[in-house]
Amino acid sequence: MPRASKLLPSLGHASSGAAGTVISTLLTYPLDLVNTRLKVQRQLRLDSSLSEEECYRSIFDAFFKIYRTEGGLSAFFAGLSTDILKSAADSFLFFLFYTWFRARRLVGRHPDLPYLRVIEELAVGAAAGACAKLFTTPVSNVVTKRQTASLLDRSPSSSPTRRPAQKGFWEVVREIQAEKGGVLGLWAGYSASLVLTLNPSLTFFLQAILKRLLVDRKKWDDPGSGITFLLAAMSKVGATAVTYPFQIGKARLQMGHKSSKGEGEKEKRGGIFTTVARIRREEGVRALYDGIGGELLKGFFNHGTTMLTKDVVHGVIIKLYWIVAGFLVQWPALRRILVQRMRKRNEKGGWQLVGRGVLADLVKGGRIGASMMQT
């Protein structure tokens, strides 16, 4: 049977990737919320918006304080629905653009060389990430705002055990617009997102390298669930370690707050490189790695779960595809249309909808072998 990556169009990869991301987001969201707060609490402490006692000393201290002061387990899921929407859209669009860009780039290459050069792989990943983030940055701003709401809304007179009221999606959108000066404020941090597009491209590049080094070539198509999880998780950890300072800068650009020093919203303007340079100059290199332990832990489980689930869903979509194709070819008119389209695609040298053997089966009798159905 032909390789799965040649059987599904970009839409299939995008759907399976989005499904995997939703599941991994549900499993790791509490850790993501804690990580976001660890990224921004140093700035709030310097602005005197947080006292020393209110700051989190570690991941475990953050979990304990949030549970004790913000209403128990439900506090760890503030903004979950919005983040699921953002994560699913982000993943769907990334895999859609990534698979399409990569397939376009591979057209014309030798069939025995089913991979791109290093610089091409990174460029494809970066381009796909940039396109996806253009659509999802506003939602990402809302997620960051909701995750840090309890920190930003604290005041000396507030009760330490008061559970902050959760603001609605559109209420947060209007708040961001008011703070950032209009609709374009919803894209605050997009410059950081452009830099961070290197993260997924580095991740997939490292995953490909690890697969070539650690997995036998005969098992590249299906290395197994355990190996798939470990390769994806380790590659994500490596990519996150390289790009983490820019995640710190992005979180601060997106947070937006009013300093308790009475300066109002006097944000220090500038792009992501200016922000990272300022943090390093004023707060030291260590500030660029606040909470990196939690982020690496989250990346390990999140991306590993995403890719493992994606492969499972990918396989289900392939089976459904063969089932649907088997039913469609029972009707002569639909069979003629399908065969004509496949012939045109084969003549153009583009992506093949099905393998040559399957094409012959369709023409002869519309039967699909049981071995294909079980793959």
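Heads up, residue numbers simply count up from 1 along the chain you see.
Every residue, even glycine, has its Cβ placed from backbone N, Cα and C.
Keep in mind that this is a model prediction, so the values were computed, not measured.
Matching 115-137, 184-206 against TrEMBL, the residues noted as transmembrane segment span 184-206. Within the listed segments 27-46, 227-246, TrEMBL records transmembrane segment for the stretch 227-246.
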